[in-house]
Amino acid sequence: MARSTVDVETARHDGVPPSGKRSARLGLGADGTSSPLGLVLKIGALAVFAALAVWGALPLIRTQDWIGLAILVAVTVLAFYVYLSPRTIPLKYLLPGTLFLIVFQILPVIYTVNTAFTNFSDGHRGSKEEAVTAIESASVQQVPDSTIYTLTIATQGDPATGDIVFLLTDPSSNEMYAGTADGLRGLSADDVDRTATGKITAAGGYTVLNIQQASARQDDLNAFSVPTSQGAIKAQGLSQAFEGAPQQNYDANCDCVTDTVTGAVWTADDKNGAFVNDRGEALAQGWKVNVGFTNFTRVLTNDTIRDSFARIVIWNFAFAIIVVAINFALGLLVALALNNPLVKGKKIYRSLIILPYAMPAVAMYLVWREMFNTDFGLINRLLGTHINWFGGTATSMVAILLVQLWLGYNYMFLVITGALQSIPADLTEAAGVDGAKPFYAFRTITFPLLLVSLAPLLISSFAFNFNNFAAIFLVSRGGPFSPDNPSAGGTDLLITYTYRLAFGGGGADYGFAAAISVFIFLIVAVVSIVGFTRTRALEEVN
């Protein structure tokens, strides 16, 4: 009752009802409706959201991904309900962050875990039907008296990403065709421009590629063929194409692929997603299947991988712990020194110390790599040595740790300085009055209070350095590498090892890389849980 009286009195002086003042704070009119500006902004934001939803729905419809389309529609309806309803004010603030959390955190984790249980890799990317098509298309050979077409390479849409189209002219009949992955379609003379030799230079609805653009899509051209009743049409260079027959044919009755020239037979192995002959040899093109825990057990059963994985895990933990420890120790010493009231010119010193922290880390990694150059590097010149810093595992580790110390201690200096200044000076002064020596007062009072404030930052710093891809990849490239296992370097972390497995030049193995990513996720999660548990214990003690 008293509160209502105050509201009424305030409203009487201001000339605005109490509910009107609350509405004003929410960007609403006195009657609870949106103000004109708020209404315009709301409609504009929802219009942009609806446009993005339509843009995202088109490829889902084209690929018949009905589950994805249903999720998109549900999210769109939810967004409109939340932002058009006056009863969902808290959700207006929670919904954007929740959606970003789902899209950028939860969905990638789910996708990674799902990939870890498959054989997704080079040669095992699509379905079995796509694998059969690729095998037959790749084996197309020119046969005697086959038709040779004049070829123009085009795309449907963007030259860099659009679907390949062959614009063909049959010299014998002067007929013109557009060849896609679905087959041939006749072209009218009114829809094309061509030279005197019959080469098509323009066609309605297609983008003709020049030599540079066509060369950039060479891999796509090698894999592309136009199916015909006699076999398929393949490119022969950039200006001719031939109609040939596949040398390897799939037979659904035996679920096998037969080579019509050699008579070799490869039978489908649905467990491993490949066509395998009687000697256990598989065709290069397979299909994506679920392989259970195979990718996880490879870490334990494959001797080469097991030894490399164990070594990398040990170095990964050592790297993260050492980097956090030396950065914390040096940052603490410098912060304590500059926290002394007798020190003059603190602002200048602090500005110089945090200078490396203000520089782009990527650029600094590259600069430091050149400074460790064997022949021309600044480090060897200053020391008067000729050390091949990245030629050995030990020297590479030392170089990386030095770089991380230079880049990281200033961050620790900043946060420790702030934490020190938040600790009441009365505590240490009281300890001094009681006869405690400065080091004892620091060890028993200041340091425990620092840990309470800094423990979460130390945990996050450990997690960051545990997955510090740039520090390894830009400084040592993960090397040096052993001839026995070129995929695992002497300074590789799990994250760089995973990257090399997934995107290395020796072939991409996404399934196994995803399994390693799951290991990384579990390790960091366990360490973080233990660390935060200890932090809570410190808070209770203090």
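Positions of Cβ are set from backbone N, Cα and C atoms, glycine also.
Straight from TrEMBL, the features:
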DOMAIN    313-531  domain 'ABC transmembrane type-1'
REGION    1-27  region 'Disordered'
TRANSMEM  39-60  transmembrane segment
TRANSMEM  66-84  transmembrane segment
TRANSMEM  91-111  transmembrane segment
TRANSMEM  312-336  transmembrane segment
TRANSMEM  348-367  transmembrane segment
TRANSMEM  387-407  transmembrane segment
TRANSMEM  447-475  transmembrane segment
TRANSMEM  510-532  transmembrane segment
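Below 8 A, the CB atoms of the transmembrane segment (312-336) and the transmembrane segment (66-84) form no more than two pairs separated by six or more positions in the chain, fewer than 3 in all. With a threshold of 8 Å between CB atoms, the same-chain residues lying at least 6 positions outside the transmembrane segment (91-111) that come near it are 75, 78-79, 82-83, 521. The list of residues near the transmembrane segment (510-532) in space but at least 6 beyond its ends in sequence, with Cβ under 8 angstroms from a Cβ of it, reads 109, 112-113, 115-121, 291, 295-296, 298-299, 309, 313, 455-456, 458-459, 462-463, 466-467, 494-495, 497-499, 501-502.
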